[in-house]
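If you look up TrEMBL, you'll see A:1-10, A:19-28, A:54-66, A:116-137, A:149-159 marked as compositional bias 'Low complexity'. Annotation comment: TrEMBL describes A:29-53 as compositional bias 'Pro residues'. Per TrEMBL, domain 'Zinc finger Sec23/Sec24-type' is recorded for A:406-444. The domain 'Sec23/Sec24 trunk' annotation in TrEMBL covers A:481-721. The domain 'Sec23/Sec24 beta-sandwich' annotation in TrEMBL covers A:726-810. According to TrEMBL, the domain 'Sec23/Sec24 helical' annotation covers A:821-917. According to TrEMBL, the domain 'Gelsolin-like' annotation covers A:943-1008. Sequence annotations record features per position, and here TrEMBL assigns region 'Disordered' to A:1-249.
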Amino acid sequence: MQVSRAAGPPFAGPPGSGPAPSSAIRAPQGPPPGARPFPGSPPPPSQPSPPFARPGAPLQQQSPPQFGGPPPAMASQPQRPGFGGLPSGPPPQVQRAPFGGPPSGVSPQAPPFGGPPAAVASRSAPLSGPPAAASYQPAPPAAVPQRSPFGGPPAAASAQPPPIGGGPFTAAQAPPFGGPPGSVPQTAPTGGLRPFGGPSAPSQQVQFGAPPPFGGPSAVQPGAQPPPFGASQSQAPPFMGPAGGNVPPSFAPPMWQGQGAVPGGMQPSMRMPVMPGGMPPNALGQGMSHASTPTMPYSPHAQVSTPSKIDPNQIPRPVQETSVIIFETRQGGQAAIPPAASSEFIVKDTGNCNPRLMRCTMNQIPCTGDLLTTSGMPLALLVQPFALPHPSEEPIQLVDFGEMGPIRCSRCKAYINPFMKFIDQGKHFICNLCGFSNDTPREYFCHLGPDGRRRDADERPELCRGSVEFVATKEFLVRDPMPAVYFFLIDVSMNAVNTGATAAACSAISQALSDLPEGPRTMVGIGTFDSAIHFYSLRRAQQQPLMLIVPDIQDVYTPLQTDLILPISECHENLEQLLESIPVMFENNRIADSAFGAAMKASFLAMKSTGGKLLVFQSVLPSVGIGSLSAREAEGRSNTSTGDKEAHKLLQPVDKTLKTMAQEFAEYQVCVDVFLSTQSYVDIASISVVPNTTGGRVYYYYPFSALSDPAKLYNDLRWNISRPQGFEAVMRVRCSQGLQVQDYFGNFCKRVPTDIDLPVIDSDKAIMVTFKHDDKLQENSECAFQCALLYTTVFGQRRIRVINLSLSCTNMLSSLFRYADLETQFTYVVKQAANGIPSLPLSQVRDQVTSTCINILQSYRKYCASVSSSGQLILPEALKLLPLYTLALTKSVGLRNDGRLDDRSYWVSIVSSVSVLLAIPLVFPRMIALHDLTSRDDDDSLVPSPLTLNSENIHDDGIYLLENGEDGFIYVGNSVNPLTLEQIFGVSSLAGLPNQLVLEPFDNELSRKVNEVVNEIRRQRCSYLRLRLCKKGDPSGDFFRSLLVEDKAPGGLSYVEFLVHVHRQIQSKMT
Amino acid sequence: MSAADPSAAAPAAAADPDGPDAVRLTWNAWPRSKVEASRCVVPLAATVSPARVPDRSTAAPPPLPYLPLRCKPPCSALLNPFARVDFAAKIWICPLCFSRNHFPPHYAAISESNVPAELFPQCSTVEYIVGGAPGAAGAPPPPVFLFVIDTCVIEEELEYVKMAMRKAVALLPEHALVGLVTFGTQVHLHELGFSDLSKIYVFRGTKEISKEQILDQLGLTGAGRSGFPKIPQQPGGPQVNGMHPAATAGVNRFLLPVSECECTLSTLLDELQSDQWPVEAGNRAMRCTGVALSVAAGLLGACMPGTGARIIALLGGPCTEGPGMIVSKDLSEPVRSHKDLDKDAAPHFQKAVKFYDGLAKQLVSQGHVLDVFASALDQVGLAEMKVAIERTGGLVVLSESFGHSVFKDSFKRIFEGGEQSLGLSFNGTIEINCSKDIKVQGIIGPCTSLEKKGAVCADTVVGQGNTTAWKMCGLDRNTSLTVFFDVSPSERSSQPGHQNPHLYIQFVTSYQHPEGQMRIRVTTICRKWVDGSTNTEELVEGFDQETAAVVLARYISLKMEMEEEFDATRWLDRSLIRLCSRFGDYRKDDPSSFSLHSNFSLFPQFMFNLRRSQFVQVFNNSPDETAYFRMLLNRESVTNSVAMIQPSLISFSFDSPPSPVFLDVASIAADRILLLDAYFSVVIFHGMTIAQWRNMGYQNQPEHEQFAQLLQSPHEEAQMIIKGRFPVPRLVVCDQHGSQARFLLAKLNPSATYNSAHDVAPGSDIIFTDDVSFQVFCEHLQRLAVQS
């Protein structure tokens, strides 16, 4: 089902507005029209002009993923409080309820987008201020009234009547939906979506009747009426305003647990899921009759003419999908093909899991290993157990079996799921994974209906939903569920203090404290270190904190067993005071050494009894104590005789010390996140082992700037602690007989072959699971995958999240290609490449990547498209972008020759846990033009459609933003209109551009637009982009150009050349 | 021979028995040959109190504000009244080596009528002040007190500690430097100079940590880890002579003048808690005394090398982890007893002793003192720590609780000035010069050999020997050393006609006076040689039986510690018999003819009591107690030590003025009050009748004022004793037949036991023991002494 994009964002109008009239009904609190950001381009609401909709064959374009359908970021107004509409924020009356919803009274407190309670930065300091601070920024008069905190530009609100779609998204000019106008009744989208966002569904919003497992700071009581999109439970958006401080928060990743979807509500507008490529499923593959002929320039496969004739404009490129897809996971008893990960879709779980949680590289499973080998494609699952759902999606339901515990297969211990078959009037059930026939426990018995299903199947989530959570019983507990423990560890060595990293860390922590889960089970502790480790005892009774120094950094210990980690409620004030005084206390510190490893170990010892999150803020190369490192980079450079051959050794951890340490951490459920704000080499290759083994990650701020980076540091930290997550988790993936799990990839610790231990698992982390055949699968049968994740919520409940996916088996190679999932496969390739980087020379890794691509394409060419002319490069439709992505991968930071070691190691560490959604942009960035944001008129999304990544699109009078989910590079041509510079950067000439960019909002249309776009991207990526300025003629400009993957580069081919290369390779293999 | 008259000892004690020189010898006339010396049985030894302040009655010469003259090496003796001076030639002849020395130019004015003080005959002991004179660089260094406090104690005890500490801090002079270490499972070193918050360096208790590691970890090594946050580098801060910059930093961080850190200290004390680490059931608290002392020593070593400083450790229990551990944390393992030590069944003992031996060496090289105040019902490990305390000249007090007056009053004493002052001095060294033919075997007492070999070193070693110089990191007015000599005449000196009738021994002590300046004290004594083996009379005349008893007690204690399977009682008996055979008057094989010269008359009784004392009968005590008793025996003056061996007993009654009575059960009478001074305890014992009267309250009736006085006077007497003594003795007040009466009965001669109950006078008492009485002892002695 496709819904127009405009309708997609579940912005419902105010409760009273009901079904969306197409006419411009102004939201009661609508801002005055004058506030419209895009004057002149308000699209007539009733006249959708779908710019992108392709008649007939609606192509889905790559659209920015919208998880939560939250309204895209908004406004650039300086005074807007963050997302979260703070009470202190803008006057409530201007707030449009984002999703329609909530009574206006509610919205201020419970921002629909998970608005952070904290406001965004209002201080002039780069970090956003705490809520209270938000309000003090003087608001430009014009801006205040009309800025809806969550919503799109006010103009949209007023102009766009559809209360439900009036998404800020489309705000100004976008037609309410991008769907093909003809095919969908105008009202359909709105009608269809309403339930998701509509206020009518409040009852659905309460999850399980229990406190939200990962409640946001607002922690609304279950019984309370949360704002429709679960704002109450949503996490505070971590990303607050840009560094400028007065900008509204850029985005709030929506609730991870979508709420409020009313399944029935979507029926009317339900449509067929659409293939990522935009073609009806049967349009692909040979020998299949086409139900409809796609009006693609190439068909049935993507064809590229012979090298000499390649038309650069005809070669496959990603197209942006603008409409929202409604996706039912199973239809007609079969797995439906999930939409592209990068598209915006709303999932209705009808037996298979939400593809956000788990998706496979191929949507039909080859019956034999030979077939898989022939295809050249990988068979792997990408599991992201806490992936943020779309706000319109039904939350995962919690099932409590009481004392009995969840029903499991007595042989393979698989959990009950919709694919277990009940037989003998329901007395037995057959496990879909191992085939064993189990007795149905008497308490669980139910008669079967005429269709052979249990009569209660539809009432029981575990029998009708692909993903479900079970309350863990005692047998799953080795101890009481652990409290939520957060230990902050800050480098206070000379460099850290001098560069401002210490102050930034303290400030970030101080602000983030209020985002920690509330409740008595939330505990915090803090330490600092230079060449010794300093702990602080914050006992409330004491007037001043006690500083306990552990000077032995070779053989560390914890100085106290109690009092170092206390419930936040007991020490919040003391902690804030301490954080304020730490930078002052150490301002004259002359100790340059930093005992990173020892400090971690000591903190670990302090946390050992409970486990928890250890957040380390490190600024220099760890030089002393256990786990100290040396400047290998310099050694590597000076020792050129070893040359490139051994270069990759510098990407391996220097020794096993940190690995051993990390394994011990993991064993005691301690997860380490490392925030590296540095200006020099810190040996990420070695350091990253710790977070990667304990379920954490590395954050990297290089070169650290006290001006521009604190905002990102704060937002990263905030998101880190507030995003949905689970503690002390154990995960196992089971699969049907015939397959077996080959390996797991990701950030975890593995002690037994079958399970992986995750001290913490959060919404951003993905785990890749590869499979191999150990037997044949029956054609026409289904192959099942079940991921079971046992974890503890931040509120101390032990649960098992079970994610099921059942896919058909096939013997047909063409089906494999047809149902291939490009993005997932490519993510697999990226991860494999990252895996190889530390152990192989780079050129070899690139060759492997390229040959993976060639092998797949050649297999297709050989077995599925052999009739075509040999002069043609035939690409399987589903994988037509594989060459482009592959090319991009070979030019990525990780695989390019000219990167810094740390950059490459960082890339490798990021890739290890990256989700499908973010893996693609990491390699294949998105570039948009910023200078003409105000003048574009044909787009319905906040973020303009991306430009092709080649230099032909870069003009000297333009300003471009290229982002990969981590960094945003703003390129400024050298003949940019000074006025534009003034508007965006507040400088009048190129020369006046600062090196360290803080994107400040200025009171003009363009600046607002730019900030809006940046904030929207931040929201989409769940990451506060690190913005860097690139100027033409500068090294930074050259670097920017090196990211244009379609260009010919010194070490790499252009896209066309690469296609030619691929084609030649295939041809040579064929003959 | 009969039991010596107890009153005989009293007058001797009343005068200053040590004389102006504070030197007492076992023999004041010395035999010339080795053989003769060994026939004397009691070794040739001297007890010296190098920092003793003579009674005010004897006008001590004021210290001399210039440097002493030395004889030319290798003799190096200092100019003394026994030197022969040729005023015309401006030459003096050293009495020890007979070398001729010219007076230096500034003695040019010397003449018969203008003699420098050190040549006055009454100036056999004289002090020189060196340094600290006007114009010398820098003020004298401040006293340094580093407190090491055990926090593995119950709240109540900790409160007592805090109280004591507050008092101590109030008593300290403003400029005194103070540091604080607390410990339990781990060691906390408090950085007092950090004002932002309470800053503590934490050391793990389980790991032995070297001095270098401590310094490195504290950032006191100067190189590398310099630059600690916010160190106030005030130039006006306490600058100690010769301290290098790192030391200054350390001083500013960890050791502060009382005036600057009083507030911080009092906050710290207020917030000080019992150790926070949990104690598992069935376990002892984890207490890392060893590491705590290492850290304290390391800190002082870095900040105050060579300057007098004390580590004052307040211990509340045994060390259960890390170096110095004496018992495991498992309560099922008892703390070692003498029996365990005997059977080699104390698994931690040797290791711990070795650790403290190392610590002692470190402290000695730094010139620092370890004082231990152990207050616990359990043993704390004094037996193991003894080496460190004794080698550094530290003070030691053992009591049952920090709330007990033995601790409270003793602790206070060390900080008191004025008349009550202990005269705590630092950094002493003592050198001994003697006439040819005299060798030094060694010293027993609170000192350490400096391993400075010289001609006077004897072949056989007693205690700290093989050296001519000893270090006393801490010494005070009472500190007493026992020097053992050997006579080894050389060929030449034994030639007749060449012999000098006098022997000279010179003790040269340099030390840091409580007032800060360095002083040199020279004591030169002159004694007679006795020629030939026949002249026992001269020997007898020169015998000092008190000193001899004390020297023997010290000697035998040492032997018991050093020699396995040593039978002390037997050794004592034999020695006594030999002595009596040699010096007694008797007819062979006629016990009844036996008599002793008055100089020997008390000696058998001393030996009888020594045999029964805690020094020989160690099995009645814990190793800690034994160590404690011995340490005090070794460091106290002869008079005090005699009291330890043979307590004094004074009777108070209506009949007679207070008078000494026999230390015998027969001295108990119903109408008497007895006052026993056993040095470590003072017992007031009320006879039955007295107790009854008292219980009936007669003392409160005006007509019985005399009775009230009678009750009062032993208390007054006891307070007199207690006041002048460190450690403060335990005062026991008891009644006849009361349970506490055992403190008295244990010390009495069991002349009446349950075996002899029939002939006991009414109102007297008996002792339930099988021990022989003094009478029986003497009978045996007489019989054996006269055997041929």
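Heads up, the Cβ atoms here are built off N, Cα and C, so glycines get one too.
All annotation found in TrEMBL is predicted automatically rather than curated by experts.
Across A:481-721, A:726-810, A:821-917, A:943-1008, the stretch most heavily in contact with the domain 'Zinc finger Sec23/Sec24-type' (A:406-444), judged by Cβ pairs under 8 Å, is A:726-810. Confidence across the domain 'Zinc finger Sec23/Sec24-type' (A:406-444), taken as the mean pLDDT and rounded to a whole number, stands at 94. Shown for the domain 'Sec23/Sec24 helical' (A:821-917): DSSP residue counts in helix, strand and coil, namely 64 helix, 3 strand, 30 coil. Residue counts for the domain 'Sec23/Sec24 beta-sandwich' (A:726-810) under DSSP, helix first, then strand, then coil, are 0 helix, 57 strand, 28 coil. The residues of the domain 'Gelsolin-like' (A:943-1008), classed with DSSP into helix (H, G, I), strand (E, B) and coil, number 18 helix, 12 strand, 36 coil.
Under DSSP, the residues of the domain 'Zinc finger Sec23/Sec24-type' (A:406-444) split into helix, strand and coil as follows: 6 helix, 11 strand, 22 coil.
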